[in-house]
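Peer 1: Copying in the features that TrEMBL gives for the protein in this structure:
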BINDING   B:14, B:15, B:16, B:17, B:18, B:19, B:126, B:181, B:370  FAD binding site
BINDING   B:273-287  NAD(+) binding site
């Protein structure tokens, strides 16, 4: 509820021509200045309000250029939120926009809650009374969803690790506190700088590890696992090539653990897809079909999304029916390919088997129907149809930002320890890091320190 | 026989540590004040530990002094030993603690009360309040006297339906076998107050002449003269030591074998006891693998041989207590003078109070001290002071005082109580204060003298001295921030001796002082001041410069807190009319009725989403009001 500086991607998710990262709050301009390098070294804090500036986003940590951008600066109060607002217009896809957002977050902004820009506009008197109810609904609805996401993440590995880290910090804090509140109790070992440094260093290492694994979030790192399945010669290979050639491949050549599984990454309208077993598809289509339904079933298991390809030019076979059975309960898009040839397939039966899931007709040869297919993929992803593992894109950005802040706090604690600052003062940074980690799992109750104090130590003077 | 006893501005019921501060503050502000207590011989009595101060608590005593209260001055006149604790740690957690001559402490306080203009001290038992239309108008005593006042403060400690328990014996009693207060408790329930049952305890006392001190370790007071009050100039030099001994295996065996006789485990005690001050049986049960526990032997005064056995709080039967004492080195032949006991009592659920300590149920009625669920003389005195100030200000038609969490430990204490409530007798701990680097022992005057002066509890003379100190601090800080120390051989020598690395270039004195190994003393050698600078000014200059970065960080947090505190919630807000609030949040908000968004956000069960909705609702109301006008 503090009016700190918030940031979010404010254009719709997906592959637009331009994506905008918007910042709002007292520090919007200084934060942007930290990562923006304008032509001729122009500082955003010096430019007039409501102007736009060309330049680059640079990671101040390593000087790396992230993105070519146009940055608009709008100073309070004549802005949407009545606060200072900066909008960074990015040209790349989801990946680069996301990197810009990450940079903004690690440089002092907080990820905006859903509807928060609107809420601020309201609280700062920008929006009138009639819209207030809508704002309330927004807060409640979005928060409930956020809660739901938070709950499902509770079981995740991340929250387990964070709990462990917090407990480590908490025990250390309780130890420090006991030394302060019960100075004469000799049966509690005095917390020393060295001991504290060991604990703090351990916590920092663990946070770094977490940051590495969570760096881009599961989806952005691994993509939405996508399997293309179908009988031989239905056009799996053409589909694959179309997807890969039509869209920029983000990463290629990441060998899997098994000898013959190769994954390819493509970005379909902002949705990163990890195509499973592309080598298998290419090999088998080109040479001899060695892979049966069994192999398809294995691929299905590993996939978040399945593209099931059928042949428009052939009647449905027993094998096709078996494939439908194999994808039961999965997110599926059915592709009926080869509309350039005469229809021999029974579309009514296909729709029946698809059971409400999207059915797209294509002619990959003539490059027809590909737009519709991409549309269907994007829709599925952004309307929440696909459950993308345990870390979603948005909440993950929040986690990453919090982890960075927690790491910074613990680093400040270590600096303090090394400078010989008294432990009860170093403890301020330690507590901060504990609280930040708590925000990730939605638990910042201060009382738990006092509980820890009394359960860990025998006290009484 | 019913009769009219008199009319006052403020009536204070009780004359313990809360009552004394409340009565004195009210009278000194200018309210005609009546104090009624069960037993005039028990004014400011210490039924438990004969000591005042310690971590967090000692800072409260300093705060009381800075606001113009009495506790600091009274202990400065009557201590038998004074120690500064945590001197090896940072400045934020240093704390003073005194062992009191508990009898002298009482006598001094009683004398102060007796000599106070505007204050009438009376022995009597208050059994009912006079309440009309939800406003408290006075009190009725057991003798039928009706006393009228514009505001009433209740500070009845552990007397409300008090019951003492030793082994399988249980009887109705206040602390130390005084009369309990039963009717007042029932009356509060009649008025609609929710009460909760708490328990606390005290250890046995033994005769000093029967202790073999050669088997214990001496714990002397500090040689440096120390004082709680900023106004104290005379120090007691003749101090008495305390003594340290330990429980033994035999002690633990004795307790283990007799656990079934403890009312704690037989189910006789139902009240919730404090975790921070466990009984010895509790310690043995919960921390079974600990081979020994510390026992401090503390004299109760100069004119008595009675010694308080700190660390041995128990409600085991008297004969077991004797056997336990005999297992402790030094106490083998100790003569038991008073047995330890547990006491159960009623407390008012403190979320029924406003942050001014006025009750929400009955207007112009205040409660303070142990009746609000706290424990400790200092916690009681801090609340008493605030309740007394506010009762008097209410009576005189002035705006009431609320201390913020960033102003004082007293602010933390009251906010915790009225916002979160408490499940056990509440004790202040430094870990409860999120801005503890700002709430230090040394700067209580800088934080609170202004407030005390505005209220009328600080004299002009004292205030002028305070302003002079403030000016001197700023002047010296400024000097050090501009004075450049050059890397002369003499300078390098001083730095080398202190264990630091030599200067490459000139450096500002303030920057050099920030180095961990440097103290003001070093700086004084390298950048001597032209005039003599008093020690308390040096202390401030050193702390403020050395920890500037951390202090700055805390101040930024406070800045954020203040923004939220400035978002006031009107008292008449209808939480049922706000759509979108979660059910639990709605219930809690209706119960606590927070005065600001900051307070609302600290209520457990009220989530950020609910706070957002509350903010939106408040803004809506503001807009509606503006457009109506």
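Quick reminder: no glycine exception, Cβ is built from N, Cα and C everywhere.
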Peer 1: How big is the Cα-to-Cα gap, in Å, between residue B:283 (NAD(+) binding site) and residue B:126 (FAD binding site)?
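Peer 2: With the alpha carbons as reference points, the distance is 38 Å.
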Peer 1: Give the helix, strand or coil assignment DSSP yields for residue B:287 (NAD(+) binding site).
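Peer 2: DSSP assigns residue B:287 (NAD(+) binding site) to coil.
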Peer 1: If proximity means a C-beta under 8 angstroms from chain A, which of B:18, B:275, B:277, B:283, B:285, B:287 count? These are the binding-site residues.
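Peer 2: The answer, in sequence order, is B:275, B:277, B:283, B:287.
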Peer 1: Considering each pair of residues in B:14, B:15, B:16, B:17, B:18, B:19, B:126, B:181, B:370, all listed as binding FAD, report the largest CA to CA distance in Å, no decimals.
Peer 2: 18
Peer 1: In sequence order, what residues of the same chain, 6+ apart, have a Cβ less than 8 Å from the Cβ of residue B:277 (NAD(+) binding site)?
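Peer 2: In sequence order, B:200, B:201, B:313, B:375, B:427 meet the Cβ cut-off.
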Peer 1: Of all the binding-site residues given, namely B:16, B:18, B:126, B:370, which is spatially nearest to residue B:281 (NAD(+) binding site) at the Cα level?
Peer 2: B:370
Peer 1: Just give me the nearest neighbour of residue B:287 (NAD(+) binding site) among the binding-site residues B:14, B:16, B:18, B:126, B:370, Cα to Cα.
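Peer 2: Comparing Cα positions, the candidate nearest residue B:287 (NAD(+) binding site) turns out to be B:370.
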Peer 1: Mind telling me which of the binding-site residues B:18, B:126 has the densest Cβ neighbourhood, counting other Cβ atoms within 10 Å?
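Peer 2: Most Cβ neighbours within 10 Å: B:18.
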Peer 1: Residues with Cβ closer than 8 Å to the Cβ of residue B:273 (NAD(+) binding site), same chain and 6+ apart in sequence?
Peer 2: B:198, B:199, B:200, B:201, B:264, B:279, B:282, B:342, B:424, B:425
Peer 1: Take the C-alpha atoms of residue B:126 (FAD binding site) and residue B:285 (NAD(+) binding site) and report the distance between them in angstrom, rounded.
Peer 2: 41
Peer 1: Give me the non-local Cβ neighbours of residue B:14 (FAD binding site): same chain, 6+ apart in sequence, Cβ-Cβ under 8 Å, ordered along the sequence.
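Peer 2: Spatial neighbours, sequence-distant, of residue B:14 (FAD binding site): B:35, B:36, B:37, B:154, B:155, B:156, B:157, B:159, B:369.
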Peer 1: What Cα-Cα separation, expressed in whole Å, is found between residue B:18 (FAD binding site) and residue B:275 (NAD(+) binding site)?
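Peer 2: For residue B:18 (FAD binding site) versus residue B:275 (NAD(+) binding site), the Cα atoms are 23 Å apart.
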Peer 1: Return the count of C-beta atoms lying within 10 angstroms of the C-beta of residue B:287 (NAD(+) binding site), excluding that atom itself.
Peer 2: 15
Peer 1: Please list residues from the chain of residue B:275 (NAD(+) binding site) whose Cβ is under 8 angstroms from its Cβ, counting only those at least six apart in sequence.
Peer 2: B:424
Peer 1: Could you state the CA-to-CA distance between residue B:370 (FAD binding site) and residue B:285 (NAD(+) binding site) to the nearest Å?
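Peer 2: Pair distance, Cα basis, whole Å: 27 Å.
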Peer 1: Have a look around residue B:281 (NAD(+) binding site) and count the other CB atoms within 10 A of its CB, chains all included.
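Peer 2: Its Cβ shell of radius 10 Å holds 24 other Cβ atoms.
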